[in-house]
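For reference, the structure is listed below as structure tokens.
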Amino acid sequence: MIAKHMIRTLMIETPSVPGNLGRVATAIGLLGGDIGEVETVKVGPNYTMRNITVQVENEEQLQEVIAAVQALGEGIRLHTVSDEVLSAHEGGKIQMKSKMPIRSLAELGRVYTPGVADVCRLIEKEPEKASIYTTISNSVAIVTDGTAILGLGNIGSVAGMPVMEGKAALFDQLAGISGIPILLDTSDPEEIIKTVKHISPGFSGILLEDIGSPHCFEIEDRLKEELNIPVMHDDQHGTAVVTLAAAISACRSAGVDLKEAKVGQIGLGAAGVAICRMFMAYGVNAVYGTDKSESAMNRLEQYGGQAVSSIEELMETCDIVIATTGVPGLIKPAFVRSGQVILALSNPKPEIEPEAALQAGAAYAADGRSVNNVLGFPGIFRGALNAKSTEINHDMLVAAAEAIAACTKQGDVVPQPLDSKVHHAVAAAVEHAALTAVK
């Protein structure tokens with residue numbers, strides 16, 4: 001199935017006769033539309049009004065769906081088509097709000113002047129008390145330069161703000177962390193590093209987000225070396241954690257021993273290199289990779305992986321194949337070997353459709369729709385903050401992946417991303433790994 005990336009809500013009136021909702025659903029489905037939520041808005045004596053959420057690929061397909069619904073006749077009427085995604089973003093998705101009401105002069109004196117001066121003097125004498133008497137201990141900066149926003153590319157940090165707000169909302173809901181978007185108007189590595197270092201006293205962690213390759217590698221490495229708080233580039237390590245979890249689950253379903261398998265990575269950008277490093281940290285000895293960039297291949301070899309010259313060679317060699325190239329249809333069915341596990345993770349369209357891979361002989365196949373970073377970063381940072389860790393290392397990341405895999409039902413590739421139990425499990429595993437490393 002092809003991933004859909006336009007969502008619209010159709011308000012449709014149907015006569016109160018059995019089968020009319022089915023006719024609407026059939027009309028939408030025949031044109032390739034995916035129906036999401038169906039909400040009953042009003043039930044009248046002779047009709048029912050419903051909001052039906054539909055996902056389509058593009059505007060052309062949307063217009064075809066609209067025309068098909070309008071052509072049904074027999075009392076079926078399309079009233080409105082609305083963009084609820086855009087509506088949800090009006091005014092932004094997050095806000096900074098006081099935890100304390102200020103309703104009297106006495107409360108004002110405690111929250112602000114003159115009382116706050118005593119707290120300031122205490123922190124001046126004992127800086128570690130800032131973790132008790134300020135929000136710093138629970139705040140993470142979400143930093144972007146806007147050079148690699150989702151699948152949209154270099155669109156700038158302001159255009160990427162909705163993504164950063166989404167990350168902040170997920171931090172809050174899934175891990176109780178205050179995520180603060182920081183938009184940078186530079187893509188110069190030195191300026192980014194300097195800026196993040198200057199703002200770091202106000203945070204207990206740094207999440208680097210949608211920063212392009214190759215400068216993302218230098219930025220993360222330098223910040224991890226020069227700061228004493230956790231730093232993680234989510235496009236690299238968040239993706240790698242969830243990919244490893246998916247591979248563990250897939251191998252469990254396919255009866256494959258992951259640590260003894262040959263793992264191949266197609267595409268060695270930020271995510272691809274991190275995935276290779278994650279599998280090596282997990283204990284996989286044979287990790288192969290291929291990319292059209294010679295420097296990317298060299299980078300993989302510096303980390304201990306093996307570069308191969310072509311996709312065909314990698315597919316012929318490896319038991320487990322992961323692809324993050326962004327090129328739809330790159331993996332031809334003829335390349336697939338019997339019994340392979342294939343995770344084609346590019347969105348909105350994968351390198352090979354799971355159905356095509358399975359028909360070609362793969363033992364297990366999945367695409368990127370279910371392999372979502374949301375499963376990783378909230379719990380990873382919650383665990384790191386709980387442990388008061390100064391870093392996020394590969395032991396902590398492997399622990400996160402194993403926790404996600406342990407929460408995955410048999411037959412699924414990963415758990416449901418909004419399941420709070422999963423995020424609690426990830427946080428606990430990461431905290432334990434961090435504290436074990438300290439000992």
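A Cβ is built for glycine as well, from the same backbone N, Cα and C atoms used for every other residue.
When Swiss-Prot records GLU209, ASP210 as binding divalent metal cation, the matching candidate from ASP172, ASP235, ASP257, ASP291 it lists for that site is ASP235.
Binding of NAD(+) is attributed by Swiss-Prot to LEU268, GLY269, ALA270, ALA271, ASN347, and the same site annotation extends, among ASN373, ASN386, to ASN373. The recorded positions near ALA271 (NAD(+) binding site), taking a 10 angstroms Cα-Cα threshold over the set TYR112, GLU209, ASP210, ASP235, are ASP235. When the neighbouring Cβ atoms lying within 10 Å are counted for each of the binding-site residues (ASN347, ASN373), the highest count belongs to ASN373. When the recorded positions TYR112, LYS167, GLU209, ASP235 are screened for a C-alpha within 10 angstroms of the C-alpha of ALA270 (NAD(+) binding site), the residues that qualify, in sequence order, are ASP235. In terms of C-alpha distance, the listed recorded positions TYR112, LEU268, ASN347, ASN373 place ASN373 closest to ASP210 (divalent metal cation binding site).
Proximity to ASN373 (NAD(+) binding site), defined by a C-alpha to C-alpha distance within 10 angstroms, is shown by the following recorded positions from TYR112, GLU209, ASP235: ASP235. Under DSSP, GLU209 (divalent metal cation binding site) is assigned to coil, being neither helix nor strand in the three-state scheme.
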